[in-house]
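Some features that TrEMBL has for this protein:
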type: TRANSMEM; residues: 7-26; note: transmembrane segment
type: DOMAIN; residues: 13-488; note: domain 'Major facilitator superfamily (MFS) profile'
type: TRANSMEM; residues: 95-115; note: transmembrane segment
type: TRANSMEM; residues: 127-145; note: transmembrane segment
type: TRANSMEM; residues: 151-176; note: transmembrane segment
type: TRANSMEM; residues: 188-212; note: transmembrane segment
type: TRANSMEM; residues: 218-239; note: transmembrane segment
type: TRANSMEM; residues: 304-327; note: transmembrane segment
type: TRANSMEM; residues: 339-360; note: transmembrane segment
type: TRANSMEM; residues: 367-389; note: transmembrane segment
type: TRANSMEM; residues: 395-413; note: transmembrane segment
type: TRANSMEM; residues: 434-458; note: transmembrane segment
type: TRANSMEM; residues: 464-482; note: transmembrane segment
Amino acid sequence: MTEDKITGTLVFTVFTAVLGSFQFGYDIGVINAPQEVIISHYGYILGIPLDDRKATNNYTINSTKEITTAPYLGDSIPTPLAEEETTASTSLITMLWSLSVSSFAVGGMIASFFGGWLGDHLGRIKAMLVANILSLVGALLMGFSKLGPSHILIISGRSISGLYCGLISGLVPMYIGEIAPTTLRGALGTLHQLAIVTGILISQIVGLNFILGSHERWHILLGLSAVRAIIQSLLLFFCPESPRYLYIKLDEEVKAKKSLKRLRGGVDVTKDITEMKKEKEEASSEQKVSIIQLFTNSSYRQPILVALMLHVAQQFSGINGIFYYSTSIFQTAGISQPVYATIGVGAINMVFTALSVFLVEKAGRRSLFLIGMSGMFVCAIFMSLGLILLDKLAWMSYVSMVAIFLFVSFFEIGPGPIPWFMVAEFFSQGPRPAALAIAAFSNWTCNFIVALCFQYIAKFCGPYVFFLFAGVVLAFTLFTFFKVPETKGKSFEEIAAEFRKKSSSAKVPKAAVEMEFLGATETV
């Protein structure tokens, strides 16, 4: 069947696109390894005496941990030194470090709204090129931060990198979803998440003290992403524009055919063009869809709410908490270098995301999401049991360790990669950019909320914290079971029809008419 043929152009194009996703992951993880070194440098720049800096280091290192999906602001541990000046300098450094970490998520939240808009106005390729300017500026600010006021340059650089990643979190899944053949859409869509976790793992490895995480080289570590930005920008010139964008948005049928032939290896593209023609006719019969209309129009309300719930489930599943606790659990288990165990978690992260690339077209998106959430539910219970019984039974630390590794594995099989591309599959060309923008924004916002609130929840619940997450995961599992349709190998028309079936309130004929825009009814 020619439809699912993998061509060299398709491989090259998807690889080029997910270099942006790789940057997303790298930026998430890169700030963790050189934490002590950067805090010490902040003290030096601000003229804090050495003794104060040591106290500050201990304070801040205990109080902030970087995690794999969001910046984390940790528990405040009162400084043992009573002097007001030391307390003030400690608070200042802690605040600056917290900003260095969390400014990335703020940038992401802001920019995630504009990914779809930029893609529509400039085209997918040009939008990624423009986004790379932000990546380059952010990387250069951080790369040269050692030469100036480091704290200002790093916080600015992280904010700008966050803006880049916010744009990319919408642009990359949209572009891949539009260039992929229907039968490969899921597998190729999963590569966005695979590239993110690969970026996290690489940042953990190159951030080791003897590679780039040292006093002499930490600024190179932070500025290294400039190289990726330049490489991707050069490669993008050889990538075809999205055929769907060319045909449906610009009405350039000849260019769309040319682009499709490049992506499909010169085979007959009539079927693709017919599908896009039908989609265009449906789209042109409706007005342009704004973010507000996604919620007010009964046609789109259920798909967008389901899409948002998938993203909220991903972030509120407790994955951030798992990574926060992992270091202390590894230490309890007697591992002398917990940093290597954390890299081990990163490696498992990557392996299971790669596995999901192959599973997603065989098992289906909904099935994998349900399997992943169910597994996480069981693991969260064992995590809490391990933490509660740690003092009484020493071997419980190993139960917790195994639970961490399995939790991460289940997360990457389903809830990690699937929400990103399922949103693109729920909507046809018209509402897709707005839907992707609001989904990316909700993901970043939940990311940030969990990062800010987890410290208080963990403090309040203690070792019982993962029972709370187990309850949340169970609730989202039930929601998925009852409300989320299977999208594997289905056209936009079939997916929309699934939503109509799942909706208990297909109240008025008007809703069915409006649903045409999602491709529910066939127009010949």
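Glycine is treated like the rest: Cβ placed from N, Cα and C.
In this chain, the transmembrane segment (95-115) lies close to the transmembrane segment (151-176): three or more C-beta pairs between them fall below 8 angstroms, excluding pairs fewer than 6 positions apart. At the 8 Å Cβ threshold, with sequence separation of at least 6, the transmembrane segment (7-26) comes into contact with the transmembrane segment (218-239) through 3 or more pairs. Note: the stretches the transmembrane segment (151-176) and the transmembrane segment (464-482) are not in contact (fewer than 3 CB pairs below 8 A, sequence gap of 6 or more). Counting same-chain residues at least six beyond the ends of the transmembrane segment (339-360), those with a Cβ under 8 angstroms from any Cβ of the stretch are 29, 33, 68, 186-187, 189-191, 193-194, 197-198, 200-201, 204-205, 208, 323, 326-327, 330, 368, 404-405, 408-409, 412-414, 416-418, 488.
Against the transmembrane segment (127-145), stretch 218-239 shows more Cβ pairs under 8 Å than any other of 188-212, 218-239, 395-413, 434-458. Remark: the transmembrane segment (218-239) contacts the transmembrane segment (188-212), by the rule of 3 or more CB pairs under 8 A. Among 188-212, 395-413, 464-482, 395-413 has the largest number of CB pairs under 8 A with the transmembrane segment (367-389).
Outside the transmembrane segment (434-458) by six or more residues, the chain places 67, 69-76, 102, 105-106, 108-109, 112-117, 166, 169-170, 173-174, 289-291, 293-294, 300, 303-304, 307-308, 311-312, 314-316, 320-321, 324, 419, 423-424, 426-427, 465, 468 with a CB less than 8 A from a CB of the stretch.
If one looks beyond the transmembrane segment (188-212) by at least 6 residues along the same chain, the residues whose Cβ comes under 8 Å of a Cβ in the stretch are 14, 18-30, 32-34, 68, 172-173, 176-177, 180, 218, 220-221, 224, 339, 342-343, 346-347, 349-350, 353-354, 356-357, 360, 412, 416-418, 420-422, 424-425.
On the 0 to 100 pLDDT scale, the domain 'Major facilitator superfamily (MFS) profile' (13-488) averages 85 in the predicted structure.
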